[in-house]
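First comes the structure, then the notes that go with it.
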Amino acid sequence: MNIVGTLVMDAGMDPFVHIAYRQIIATISLVPFAYFFEWKTKPQLTSSILFWIFLCSLSGLTASQIAYFVGLKNSTPTIACALSNLIPAATFLLAIPFGLEKVGFRSKSGQSKVWGTIICVGGAMLLSLYHGPIVIGQSGIHWKFAENTEKKNSTDHVNLILGPLLLIVSTVSYSLWIIFQARVSEKYAAPYTSTMLMCLMASFQCVIIGVFVIHDKAAWFLDRMRTIAVLYNGIVCTALGYCLTSWCIQRKGPLYVSVFYPLMLIITAVLSWTLLREKLYLGTVVGSFLTVVGFYGVLWGKDEEKSKSETENLEIKTDKLKQQGAK
């Protein structure tokens, strides 16, 4: 998603147009799955569930993706992917006021979550504000399309303050979506239908915003590369990606989903260096490392907390069985 999005935006495609088409393609691709797999088995759709799906569309698709792609246009794929590692920490912080997480400062698990969050945020800030010397130079691999777009946009699209700032906004919006989606999955166990409705609502939102922001009709024209990009990002990244994420949240919880983000950072950094000839700077490397370390600190604390809770529940059940046996 990062690589394809960067290429088409460097080639001149506006991010608002890209996002609007992406939501429309995702909606169309999900309709047959929602109809054939869930039409007869899906729960009743109430106004309360529709409201939560609307919140999901607003936070997880519209706000998150607009901030992400505009931030990506003013940044690099590696920085964009690295800042996405803030999602576990942001989700943890946002879950506290919603009553979904508790902070126990006296326990090791609570301290690990707090310090992990601080390190994660610190790494993201370092990555955003500090560039430093070049660690690895440009790749020797040549891709004609990438070279042409690089020459066309070599100096005018990178803003090392605005880009990372918008990417952090995108991270917070996506973290809100994870919290809202957990509520939707609990009340409405139909991932294809809920994701299709979410994409449908986001399509209207993004088209309205796009028409309001982009007045040039020619900007909405799709050539071959733009068509491939919106099809890939719409079908694979939005339709398939959000369905699988919703399914995982429903069965394993939000924390399980976030464990794979550091892997995405490594893959994106390698592909960006290989295909886009992106340079790796010291700030990017150190900031990414701290972000990943902080993330796994939060993960370890959450895992310890879950193990302790399961042990306590088992002890309570054992005590009840002993009391019943004594009677």
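Cβ atoms are placed via backbone N, Cα and C, with glycine included.
Heads up, TrEMBL stuff is auto-annotated, nobody curated it.
For reference, TrEMBL has these:
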DOMAIN    10-128  domain 'EamA'
TRANSMEM  20-37  transmembrane segment
TRANSMEM  49-71  transmembrane segment
TRANSMEM  77-100  transmembrane segment
TRANSMEM  112-130  transmembrane segment
TRANSMEM  160-180  transmembrane segment
DOMAIN    162-299  domain 'EamA'
TRANSMEM  192-215  transmembrane segment
TRANSMEM  227-248  transmembrane segment
TRANSMEM  255-274  transmembrane segment
TRANSMEM  280-299  transmembrane segment
Between the transmembrane segment (160-180) and the transmembrane segment (227-248), are there three or more CB pairs that fall under 8 A, provided the residues in each pair are separated by 6 or more in sequence? no
Just to be sure I understand, if DSSP states are collapsed into helix, strand and coil, how many residues of the domain 'EamA' (10-128) fall in each? 92 helix, 0 strand, 27 coil
Count the CB pairs under 8 A between the transmembrane segment (20-37) and each of 49-71, 112-130, 192-215, then give me the winner. 192-215
Counting Cβ pairs under 8 Å to the transmembrane segment (49-71), which of 112-130, 160-180, 192-215 comes out on top? 160-180
Cβ under 8 Å, sequence separation of at least 6 from the ends of the transmembrane segment (192-215): give me the contacting residues as numbers and ranges. 14, 16-17, 19-20, 22-24, 26-27, 30-31, 33-34, 37-38, 42, 45, 50, 53-54, 56-58, 60-62, 65-66, 184-185, 238-239, 242-243, 246
Quick one: average pLDDT across the domain 'EamA' (10-128), no decimals. 83
